[in-house]
Amino acid sequence: MQSVKYYLSEHPSIVNFRWSNTQTFGSTWSFLFSSISVYVLAATTLHSFLSHILPKRRGVPLGPIPAIHSICISLISAVIFIGILLSSVADIHDTRWFWRRTKTITTPFQWFLCFPLGTRASGRVFFWSYIFYLSRFLHLLRTFFIILRRRKLTFFHLFNQSILLFMSFLWLEFCQSFQVLAILLSTLLYSVVYGYRFWTEIGLPTACFSFVVNCQVVLLGCNLVCHFGVLFLHFVKGGCNGMGAWGFNSVLNAVILCLFLDFYFKKHLKKGKVGNNSGHAGGSSSARYRRRSVSELKGE
């Protein structure tokens, strides 16, 4: 445990990390916008290309690649979760004196929601925030797997992936409050969801409900509650760091939430109608539901 603690929270490269636009890879606005533009252009081009050369609904077999991708993201997310949790404990221990001086926060939970004014993007938790930002590029690969296997590309998927990458950059650039708790929640979810996707990719049984979608609903709900907590602390405790970026982040989160809820309710209303029309089918209905669950999992 001491070795794990050292390599995940006390290593000099972690303790001495500093977000710098001149020294840190991927830390410039030009890099961010170029990456998002290349991602959107490559995804739309591939989708259009396959639509012209392959018969409708025919996918490209990818073998074990999606399973390998899923287990890699699951493990990376678990490492980030443990790393930022250990780093948070260490930073809370080391910065309590600063809390007493600023008088803006008094408990560790308040620190998770609200960084004191004057916080800079350096040290342990920002190192793991940077690793989380880099890991978002691995998530983009799933878009191309969906296009190749399912011949499916939606505006919501492109928008969601691009905005999540953009928001993780804002966290670092403006030392935004709430990012530590957001990363803890997100990486916990990703480690479970991508572990489940690996489970199904290798042919093991699926859940009897839309596991991935329901996990996303839980994450969005937790984020919504925490955003109200940040706003409350900002006005009651005299200010939180990075609130301009937090406001912009909140607007983007609200847009994602609206798009997701629209998708979620349409999907379940459609599923309910299909279930009513096929209720007489008996045992064959459950078999079709299981096949549809696998299909949805691969397309999400």
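Note that Cβ sites are derived from N, Cα and C of the backbone, with glycine treated the same way.
The following features are taken from TrEMBL:
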| type | residues | note |
| --- | --- | --- |
| TRANSMEM | 29-50 | transmembrane segment |
| TRANSMEM | 71-90 | transmembrane segment |
| TRANSMEM | 125-148 | transmembrane segment |
| TRANSMEM | 155-172 | transmembrane segment |
| TRANSMEM | 178-199 | transmembrane segment |
| TRANSMEM | 211-233 | transmembrane segment |
| TRANSMEM | 245-265 | transmembrane segment |
| COMPBIAS | 276-287 | compositional bias 'Low complexity' |
| REGION | 276-300 | region 'Disordered' |
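Taking every listed stretch (71-90, 155-172, 178-199, 211-233, 245-265) in turn, the largest tally of C-beta pairs under 8 A with the transmembrane segment (29-50) is reached by 155-172. Segment contact is absent for the transmembrane segment (155-172) and the transmembrane segment (211-233), given fewer than three CB pairs below 8 angstroms at sequence separation of 6 or more. Residues of the same chain lying 6 or more positions beyond the ends of the transmembrane segment (245-265) and with a Cβ under 8 Å from any Cβ of it are 156, 159-160, 163, 166-167, 170-171, 173-174, 176-178, 213, 216-217, 220, 223-224, 227, 230.
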